[in-house]
């Protein structure tokens with residue numbers, strides 16, 4: 001049982017953090033490509049891969065990032081992809097889910113005690129450093145953010 005957990009953890013790390021053979025997250029994003037195959041997030045939703053869920057409702061799932069870039073780093077995803085592999089793929093029919101994801105970010109930030117502020121990030125496409133093609137929001141907080149961000 002322990003070896004199965006270790007294998008799952010290694011699988012999660014291989015999908016959520018840059019490949020050790022790659023020089024950076026940028027390289028991971030440049031090597032990623034949209035496809036119809038299930039993403040790491042689909043597998044997390046199906047409980048095939050463990051995660052630390054901090055919020056869930058019928059529309060959204062929020063869980064801790066395995067490679068946090070801030071003391072609080074949570075990913076918020078829609079439970080139904082509906083063609084939303086990235087923000088640039090959004091259509092008018094997605095307005096409700098996009099608003100719901102941002103509202104979920106606000107709820108989770110409050111739940112996490114981020115009263116002093118937080119940052120919401122959506123990476124889109126290779127130049128935007130997107131490495132998982134399932135729309136997701138990064139909620140970052142717990143420290144002073146810098147500007148410019150990138």
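Backbone N, Cα and C define each Cβ position, glycine as well.
Curation does not apply to TrEMBL; its annotations are automatic.
Copied over from TrEMBL:
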type	residues	note
DOMAIN	40-150	domain 'HIT'
MOTIF	134-138	motif 'Histidine triad motif'
ACT_SITE	136	active site, tele-AMP-histidine intermediate
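The 10 Å shell around the Cβ of the residue listed as 'active site, tele-AMP-histidine intermediate' contains 23 further Cβ atoms across the protein chains shown. According to DSSP, the secondary structure content of the domain 'HIT' (40-150) in residues is 29 helix, 25 strand, 57 coil.
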